[in-house]
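Chemist: OK, TrEMBL features for this one:
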type     : residues : note
DOMAIN   : 8-86     : domain 'Cytochrome b5 heme-binding'
BINDING  : H43, H69 : heme binding site
REGION   : 86-110   : region 'Disordered'
COMPBIAS : 90-109   : compositional bias 'Polar residues'
TRANSMEM : 169-188  : transmembrane segment
TRANSMEM : 213-233  : transmembrane segment
TRANSMEM : 270-288  : transmembrane segment
TRANSMEM : 294-311  : transmembrane segment
Amino acid sequence: MASAPPPPPLFSAAEVQRRCADGACWVRRGARLYDLTGFVRRHPGGEQLLRARAGRDVSADLDGPPHRHSDNARRWLEQYYVGELRGPTQDPQENGTVTSANAQGTNPNMDPRCKSVDFEKDLVDWQKPLLWQVGHLGEKYDEWVHQPVDRPLRLFHSDFLEACSKTSWYIVLAVWSPLVMYLSWFYFSALTRDNVRLFTSFTTEYAIPVSKYVFPFFFGIGILSWSAIEYALHRFVFHMKPPASSSYLIMFHFLIHGQHHKSPYDGSRLVFPPLPASLMIAMAYALLRLLCPEAIGGTIFTGGLLGYVVYDMMHYYLHYGSPAKGTYLYKMKAYHVKHHFEHQKSGFGISSKIWDVLFDTLIPETSEKEQ
């Protein structure tokens, strides 16, 4: 007969308050205690919001107004469970949903595989590279990949391939920002010095001369084009549902985006590594050179490259930044978190909701009371 699980650690209210005073961020849901110290700055509300609630009951926050969370968010919280609050947990002013640990038991809405974060009993072996393993999950893959965890993951056996699949956010700035500045100067100079004519690839009789003053126009077209391409990739490629019968398409999906949804706070996988990015960027440049005069195609390309850099930096910030409440970035952070935890088939915009509005994939806004 299997032995009974050990009782959970017990903490007094005074001990919880002491830990919070020392800089930790502990919250409780009923009698259950969670240490959010390492996660607090990644929450959409920011570090200040959670620290203001540290040590207090967050049952209302998790189960209803004023701040509604998805089932995935509740499952996510279980990763930070540290024990139970000793003694009664309900005073006369608290709502009736809060009970003692023995009376409450486990959350009936919790996925059984996520009641406790036991990675040894997961569908994969977290001690080994995941890419080959996920290909064998079949019909279980789609549900599994959309139940996020907070831990780094490894994709490849090869150290070289693994290194190529990860990068720090500042590498993107260091690699591509100088190129954006150089190409901006180079192609503006080309428009100034050369007799650039539009449509020369198709006709010489009706080709239109181009002035240097159209540089901002074509640069803006590049930025807008990247925004549209990013939305299309995110919606139709990154969020395709690979057929359960194809292990290779499952692995492909996990490689390009599924791993980000499984571990959305793995800081080394929030931006596109320069090596694979350079291949796609080179293809985009070659295509524009075929379709447009060099100066025009190069200007559009440079604007698109800037759009990509801004997108990658903003995506990183939406996961790791703590924008002030009420600001545009705060709203976009909350919007993106909803995409990860509740609305994976909508809310594809990162820097803007414009394409979600135009193509009816906007995540419904909650009321001010629920926010």
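Glycine residues also receive a Cβ, built from the backbone N, Cα and C atoms like all the rest.
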Chemist: Short question: which residues 6 or more past the ends of the transmembrane segment (213-233) have a Cβ under 8 Å from it?
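Modeler: Same-chain contacts beyond the ends: 184, 187-188, 191, 296, 299-308, 311, 348-352, 354-356, 359.
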Chemist: Against which stretches of its own chain does the transmembrane segment (294-311) lie, if we need a Cβ under 8 Å and a gap of at least six residues from its ends?
Modeler: 172-173, 176-177, 179-180, 183-184, 186-188, 190-191, 194, 196, 198, 210, 215, 218-227, 229-230, 272, 277, 281, 284-285, 288, 350-351
Chemist: Summarise the model's confidence over the domain 'Cytochrome b5 heme-binding' (8-86) as a mean pLDDT value.
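Modeler: Mean pLDDT for the domain 'Cytochrome b5 heme-binding' (8-86): 61.
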